[in-house]
Amino acid sequence: MKYKGTGSLILTALIGGIPSSTAVTMAFSNLSRKFSYLSELFFFSIILSWLVMFFRVIFYTFIIFEGMIYKLVLLLLPYFALLLMFAIFLYLKGNKNHEEGGSMSIKNPFSLSQAFTFGLIYSTISVISHYLKTHFGDEGIYVLSFLSGIMDIDAITLLLARLSDKGEIGVDVAAMGILLAVMSNNLFKSGYAIIFGSKKLKIYFLFVALFTLIYTTTLLILFDKLHMSS
């Protein structure tokens, strides 16, 4: 598909973020090497697709167990708000390079095999989660969340929301598990951009990866202290 202009690129990121922010990140990272003068625009567009992922996670959680929404938003909103502010700053800084001319080809992020893949991942994670919860407690859920988030964020989100709704795991555990899945997914995408993106994009996502690690580690420490004191 051919896309022209700043508006079209941003729209592509927003629409593409609905099924897969990972696909958007990969596509735009690859394009940034050819159109390096648009690195700020690509970064801004990628972060927008991540923001769509955030709203998707909130939406899925609300459908399954709305009682989790408050804690999940409390954990994730500051992170995505700061990312968006950073992206807007860079976008405005590099605005003079965002020419309307030229065209680029972007692969469609949708795939006919997505539904089958999602079902397979969900079933696998569901089986593993019961084993880990039984043998390793909440820590097993956290490990599973972090690892599964690399592959698919939707499956682990739906699963943890369902388990929390049934009372099999606590709301705090489910919310922290979803947080870990989101962060591992963002770290994976950041890593891809660092490896395959333009020089500027590499630097921008190095900051994102570092911020993600600091944010996640801080919340884990606070979460552990709160649980120890309760």
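Keep in mind that glycine also has a Cβ here, set from the backbone N, Cα and C atoms.
The structure displayed is predicted, hence computed values, not measured ones.
Per Swiss-Prot, transmembrane segment is recorded for 8-28 (among others).
Positions annotated as transmembrane segment by Swiss-Prot, on the basis of sequence analysis: 45-65 (among others).
If you look at the transmembrane segment (72-92), the same-chain residues 6 or more away from its ends with a CB under 8 A from one of its CBs are 40-41, 43-44, 47-48, 50-51, 54, 57-58, 61, 175-176, 178-179, 182, 204, 207-208, 211-212, 215, 219. Swiss-Prot lists 72-92 (among others) with the feature transmembrane segment, giving sequence analysis as the kind of evidence.
Annotation source Swiss-Prot lists transmembrane segment at 109-129 (among others), citing sequence analysis.
What Swiss-Prot records for 141-161 (among others) is transmembrane segment.
Here Swiss-Prot flags 176-196 (among others) as transmembrane segment, drawing on sequence analysis.
Residues or ranges marked as transmembrane segment by Swiss-Prot: 203-223 (among others). Non-local neighbours of the transmembrane segment (203-223) in the same chain are 39, 43, 75, 78-79, 82-83, 86, 90, 172, 176, 179-180, 183, 186-187, 190-191, 193-194, 197; each lies 6+ residues outside the stretch with a CB under 8 Å from one of its CB atoms.
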Exercise. What residues in the same chain, six or more past the boundaries of the transmembrane segment (176-196), come closer than 8 Å to it by Cβ-Cβ distance?
Worked result: 21-22, 25-26, 29-30, 32-33, 46, 50, 53-54, 57, 61, 72, 75-76, 141-142, 144-150, 153, 156-157, 160-161, 169, 202, 204-206, 208-209, 212-213, 215-216, 219-220, 223
